[in-house]
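Visitor: Take this structure, written in structure tokens, and hold onto it; I'll ask about it next.
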């Protein structure tokens, strides 16, 4: 059935306007973004099919370009719109933390780091550089690939910290497997970087690991001692 034939209050766009975005299901939210269906499938049927095919809303949002464009009803225009939407979200998160100390809102900082890393298909390692009041100066992804002591160069982390005139920083990396539990290499790497950065009076505030669910703070679990 064409959505125009539905009761007005049940159409996704009208439902959003009348009840708020929080009242919509994942399929309805995706349908609002898509805007229209394809031949033989209305937009809500298309949205439901995509959620099943990709495995959920997060997987649709994080799909790579080739996989996204390979689906019926999706094309370069919708892909570019989606990427713009995701970047707007990341920048909004960045603005929410840029004028305050990371100590004042650690949850917002972890959510920002998750937004920056969760879409990465392979392991990446980054730093959020902080000023003397622990306010963000810059975020950079420094290394890609398997994250261990052999692939991370302390001198590069030190160099970037000096370049940004950072007084402190938060280390971060992702676990594409979804499991946020740190490995022994993660712990040893963190302590090695902590010692290297201490030589230039730069403090490691935390090391955040991004996976499924809430990011893990190594400082909160006692893994930064030493």
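Cβ coordinates are placed from backbone N, Cα and C, and glycine is handled just like the others.
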Visitor: Which of these, 185, 186, does Swiss-Prot say binds Zn(2+) at the same site as 173, 175?
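Guide: Zn(2+) site check in Swiss-Prot: besides 173, 175, the record includes 186 out of 185, 186.
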Visitor: How many other Cβ atoms sit within 10 Å of the Cβ of residue 175 (Zn(2+) binding site)?
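Guide: If we count other Cβ atoms within 10 Å of residue 175 (Zn(2+) binding site), we arrive at 19.
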Visitor: State the three-class DSSP label for residue 173 (Zn(2+) binding site), counting H, G and I as helix, E and B as strand, and everything else as coil.
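Guide: Strand, per DSSP.
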Visitor: So how many other Cβ atoms are close to residue 173 (Zn(2+) binding site), meaning within 10 Å of its Cβ?
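Guide: Around residue 173 (Zn(2+) binding site), other Cβ atoms within 10 Å: 25.
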Visitor: From the DSSP assignment alone, can you count helix, strand and coil residues within the domain 'MPN' (102-224)?
Guide: 37 helix, 33 strand, 53 coil
Visitor: Residue 186 (Zn(2+) binding site) has how many other Cβ neighbours within 10 Å of its own Cβ?
Guide: 21
